[in-house]
Amino acid sequence: MSVPTTDLCDDFADELRVMNPMFRDFGGRVRFHGPVTTVKLFEDNSAVREALSEPGEGRVLVVDGGGSMRCALLGDNLAALGQKNGWAGVVVYGCVRDSAELATIDLGVKALNVHPLKSVKKGIGERDVTVTFAGITIQAGDWLYADEDGIVVARNSLVQA
């Protein structure tokens, strides 16, 4: 991404929602942006796998995991799948695992923390629903921009491809 989130905030403050600063970088790509696809779940990453199995086409998967600190919702295998399928990044309101391996994968990954335990796989979760966490509300089709300084979300694309 050629335009930093700080510049987007300077130029488009009225059009942006800025996430509270609680996310850490884990992926091999720190700067990423794209249209949003959402999943909402709790301690079951089946919907994450389902989404990342599809062609990403430069999208960002926003995972509302309820902020759980009891298991990981993304690891190296799912991140590699997302990278292979053309996703720009994943933002997890929850934990990830395999952090050393995640750092080697060319995919943006931001999450609250790490946890070694994998999630359950019961197939429970919602797709393309409105989610609210980190002080903002996000809808499928919004545009997310992430870099070293934070995460901002807009209703429409703010940068030229």
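Glycine is treated like the rest: Cβ placed from N, Cα and C.
From a predicted model like this one, the values you see are computed outputs, not experimental measurements.
Here Swiss-Prot flags G75, D76, N77, L78, R97 as substrate binding site. Positions annotated as divalent metal cation binding site by Swiss-Prot, on the basis of similarity to another entry: D98.
If you compare every pair of Cα atoms in G75, D76, N77, L78, R97, the residues listed for substrate, the longest distance is 10 angstrom. The two recorded residues, G75 (substrate binding site) and D98 (divalent metal cation binding site), show a Cα separation of 5 Å. Same-chain residues with CB within 8 A of the center of the G75, D76, N77, L78, R97 CB atoms, the substrate site residues themselves not counted, are A72, L74, A79, A80, V96, D98, E101, L102. Comparing CA positions across the binding-site residues D76, N77, L78, the one lying closest to D98 (divalent metal cation binding site) turns out to be D76. The secondary structure of L78 (substrate binding site), as reduced to three states from DSSP, is helical. The Cβ of G75 (substrate binding site) has 21 other Cβ atoms within 10 Å, all protein chains considered. Sequence-distant neighbours of N77 (substrate binding site) (same chain, 6+ apart, CB under 8 A from its CB) are D98. Of all the binding-site residues listed (D76, D98), D98 sits in the most crowded Cβ setting, with the most other Cβ atoms within 10 Å.
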